[in-house]
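Here is what TrEMBL records for this protein:
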type	residues	note
DOMAIN	4-203	domain 'DSBA-like thioredoxin'
ACT_SITE	Ser12	active site, nucleophile
Amino acid sequence: MSKLKLYYDVVSPYSWFGVELLMRYKSRWPSVQFELVPFSLGGVMQLSENQPPATNPKKGAQMLKEINFLKGMYDVDIGYPKDFPQLTLHAQRILTALRLQKSDKLEAASKAFWKLYWRDEKSITSKEDLFAYLAPIVGKEHATKLVEVDSQTPQVKQELIRVTKEAVEVHGAFGAPWIVCEREGKEAMAFFGSDKVEAIAYYFGVKYEGPCPPGYKQSKL
Ligand SMILES: N[C@@H](CCC(=O)N[C@@H](CS)C(=O)NCC(=O)O)C(=O)O
């Protein structure tokens, strides 16, 4: 079996592109097992002694231009938050709790948080906003529990730290999205960025049909 592990943080617009583009291939590449792993990009930056690209004004300006261009090419309804960056720790802990609960809502909840922050310019640190975007996906009761209780347990906090360290120390991560690919009989390979989907298809020996493969569904809230 081939495996693809996608580490991401909702603070990262390229992680949104990565999750959107790769998940469009989930049913098209049945030989590949997909796993979404929320991690802490702030933690990755610290542990790998890297700097967020937007801290360099030239990189930040170029990133903004490219995101604006890529949103059309990738068909992802992204904007640019006025208040950037904000701390995504609470959001990432909620997603980690969903992952530990083996919830099939992890992908939808992650996309909802990107929409909250990157499309609708709401606050990713606000409990009310997190709840408002989570409730339509998991139901009001589960959303309250995730925001108030599940995301605050020592187990969830520790798991977010564990996977962040794993991404850096085991898989060499220094940014997001970080995509670790394994195929039987082949050396494992990690890829940095949402622009590596074609390379990932080549690694797995599966067909790549562009960022918007025929019949793909745009994710709607
Ligand atoms: N070319 C990559 C860029 C990804 C990227 O810049 N990711 C940011 C977070 S949004 C990052 O972690 N950068 C670290 C670095 O550039 O060293 C893509 O298309 O996805």
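From the backbone N, Cα and C atoms, a Cβ is placed for every residue, glycine too.
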My understanding is the cutoff is Cβ-Cβ under 8 Å with a sequence separation of 6 or more in the same chain; which residues meet that for Ser12 (active site, nucleophile)?
Leu41, Gly175, Ala176, Pro177
Mean pLDDT for the domain 'DSBA-like thioredoxin' (4-203), rounded to an integer?
97
